[in-house]
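J.: Sharing a structure below in structure tokens format, with a few things to ask.
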């Protein structure tokens, strides 16, 4: 009997098992025509899991439910599976990160997303707490990933699969670029994981959410509210038939008020086409894990188009105020959030430098066009807090400084790096 996974598609909890099976060479069949709310309420399903939750794995020895338990079972079917590490301490650390992924990431993402999709009642205070708790978890994760490509060891483990699937849920449903840009190491990690061949085979191309879902309306209350106006209209027709045309006369005015105004084009969209495709550079940067100089930086200069783009160094004017590390880091994080309006047209690296206060803040920015875009200067007040110097790409020393920024070179200009943030 083949292993049969009972779950709808797509389902991030089912992905854990399917990806673990792909890495382990285990055949798992996803049940066909599964209907959530129907299939999982059938007597046959409830025999496997009386609660009716998905996924459930049907095995020759009996059913297994709970997604992490299923993923562990499939992983264990392969003897000495590297997904579980190569030592007792690695095994413990893998289990540690699986628990972390569930308790700090998955639970808080679910508390944020579910009310907005209408699955549970929306509560602003609950959402605020969920987002704060999620950010705390992502910050802790970012600290670990600043020095590690994967969660444990030097290759993908079951911990990466489970965390990758939980982050996939967040990245594709609610965590927009402006949100995740606060955690560049998590961003780099996520895109590294989902672009692994065994991931891509299951999930395909991944696109990040462009907006946070609006709060779901209270649908159950609508029928009662809409019934009353209908009854009122019927009574009005009986009493005053001559007044019927009045509501019709008001309808066009309402339509005119709701008609969307065409958005003016950004001047940067009117520039002549450039040979440099910014998204291609961002993908190369995110996906390069080894030989960074030979692959990513060489690729950058091969792509760079001085006619269509410009490079700029920036130096914070008030470094003497940067006496507290976390305040300095938050200052830079806020700047990157406010730069979200330029994401389509820019790439940036911001470094916080020094082992002791006061900390120095320096950056490198790539902008569409030969100058810093005017709308960025106008709308992002942080710009005036920095000295901006255009890079002379004919100067080899300046080009090397660009390279050092891109690769987070440490020491940077003789000093330790406190943190490096990427805007992409």
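Cβ atoms here come from the backbone N, Cα and C positions, even for glycine.
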J.: When you get a sec, could you say which of 95-153, 154-212, 213-271 is annotated region 'Disordered' by TrEMBL?
T.: 213-271
J.: With helix taken as DSSP H, G or I, strand as E or B and everything else coil, how many residues of the domain 'GST N-terminal' (1-82) land in each class?
T.: 33 helix, 15 strand, 34 coil
J.: If you run through the domain 'GST C-terminal' (87-215) with DSSP, how many residues end up as helix, strand and coil?
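T.: Across the domain 'GST C-terminal' (87-215), DSSP assigns the residues as follows: 89 helix, 0 strand, 40 coil.
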J.: In this predicted model, what is the average pLDDT of the domain 'GST N-terminal' (1-82)?
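T.: Computed over the domain 'GST N-terminal' (1-82), the mean pLDDT is 92 on the 0 to 100 scale.
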